[in-house]
Amino acid sequence: MKFPASVLASVFLFVAETTAALYLSSTYRSGGDRMWQALTLFFSLMPCALVQLTLLFVHRDLSRDRPLVLLLHLLQLGPLFRCFEVFCIYCQSGHNEEPYVSITKKRQMPKNGFSEEIEKEVGQAEGKLFTHRSAFSRASVIQAFLGSAPQLTLQLYISILEQTITVGRSFLMTLSLLSIVYGALRCNILAIKIKYDEYEVKVKPLAYVCIFFWRGFEIATRVIVLVLFTSVLKTWVVIVILVNFFSFFLYPWIIFWCSGSPFPENIEKALSRVGTTIVLCFLTLLYAGINMFCWSAVQLKIDDPDLISKSQNWYRLLVYYMLRFIENAILLLLWYLFKTDIYMYVCAPLLILQLLVGYCTAILFMLVFYQFFHPCKKLFSTSVSESFQAFLRCSCWRQRRQKSCDSLGKTDLKSSRKQEEIPSSSKRSPEPTHILSAEELCSA
């Protein structure tokens, strides 16, 4: 049985970030910064409440008689209790023989074109650990993009305005960045496991390292770009955020309405139609929050039973990163044009170049992951290198075709000009030359 390291990492980031945010808010209060204190507390306590609700929803504790668990969640101690419960199950799993086991069937990754189906016995303890891991993975994603991402943006914005970085603020920003990167990493792993549910997925350590650098560069550059733009154009950043948010929030609903599918009723049996609508709206809210800062790695599909599209759409991935790179470049250009005196000692062109190179580095790590370290790369119809080669061939073919068309156009133009000149010369009939005879010459 695997050691529950993901649960321990989720609980550590949850407790550390919450503690650092509470300490920093107390320093804002002592300094008289009531607004910064309120915003810091809001971005700390709001994801805490959502994490408690997520753990209760996944474990279905609302429909069971567990008053102590509900009380601990109300006191915001639910993750600590769940972590203690996980390690109790893990420590007792090897000592007690389980009378009941379930058999799961998974297919192995194809080797030489063949894929074998294997059966595995799963005991009750391992099933409970799987449920806990799944719950904490979802809680980490919620904490990262609905709490840590706006918290990091806020603290970096305060640092730029005050032109100082305190120890408490730097510690909170570091924890927030780690929380966002970890949440994005869990989002990648969840997407892989949901898309390839029938296969036995094993993620190698180098794949985790590659995803960590990919998400780290992507999120860090995105947050810095948003903060720089906010510091000079506070009104316009609201428009940028609203356009981004509602574009990703409404996109799954527009696809659902255009498909004409019936309203999904199989998300949770205990939920009514109103409850199902609330859950779907929360999922689309989380989906929009993720795509505000980085690629979500999944496509939300409301009419699907798993709520996630299992098809690998390279075109959507390409469009997202192209548009996001263009948006970052435009925001940096506007910041450069309207920057104030607080950036007097900052080399603006060098900073813009570093941020754009950093985003390109994130894209490079993403391509390396999909090319070499993706656990299900053997199931891809085309790899990243093949797609890139096909793109180069297509672009080269288009250039050659354009050159051939231009050369044909030039030859046609020359031939038409020659054809125009030939009739004009033929119309000029030579005048008849009169040859004088010898008698006329003598008479003359």
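Cβ atoms are placed via backbone N, Cα and C, with glycine included.
Automatic, uncurated: that is what TrEMBL annotation is.
Listed features, source TrEMBL:
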type	residues	note
SIGNAL	1-20	signal peptide
TRANSMEM	36-58	transmembrane segment
TRANSMEM	166-185	transmembrane segment
TRANSMEM	206-229	transmembrane segment
TRANSMEM	235-258	transmembrane segment
TRANSMEM	270-298	transmembrane segment
TRANSMEM	318-338	transmembrane segment
TRANSMEM	350-373	transmembrane segment
REGION	408-444	region 'Disordered'
COMPBIAS	409-421	compositional bias 'Basic and acidic residues'
Please report, as numbers and ranges, the same-chain residues at least 6 past the borders of the transmembrane segment (318-338) whose CB is under 8 Å from any CB of it.
221-222, 225-226, 228-229, 231-233, 236, 240, 291, 295, 348-349, 352, 355-356, 359-360, 363, 366
So if I exclude everything within five residues of the ends of the signal peptide (1-20), which remaining residues of that chain have a CB under 8 angstroms from its CBs? That is, six or more out.
44, 48, 51, 76, 79-80, 82-83, 86-87, 90, 93-94, 125-126, 129, 132-133, 136-137, 139-140, 143, 147-148, 151, 168, 171-172, 175-176, 178-179, 182, 186
Long-range neighbours of the transmembrane segment (206-229), counting only residues six or more past its ends (CB under 8 A):
149, 152-153, 156-157, 160, 177, 180-181, 184-185, 188, 236-237, 240, 293-295, 324, 328, 331-332, 334-335, 355, 358-359, 361-363, 365-366, 368-369, 372-375
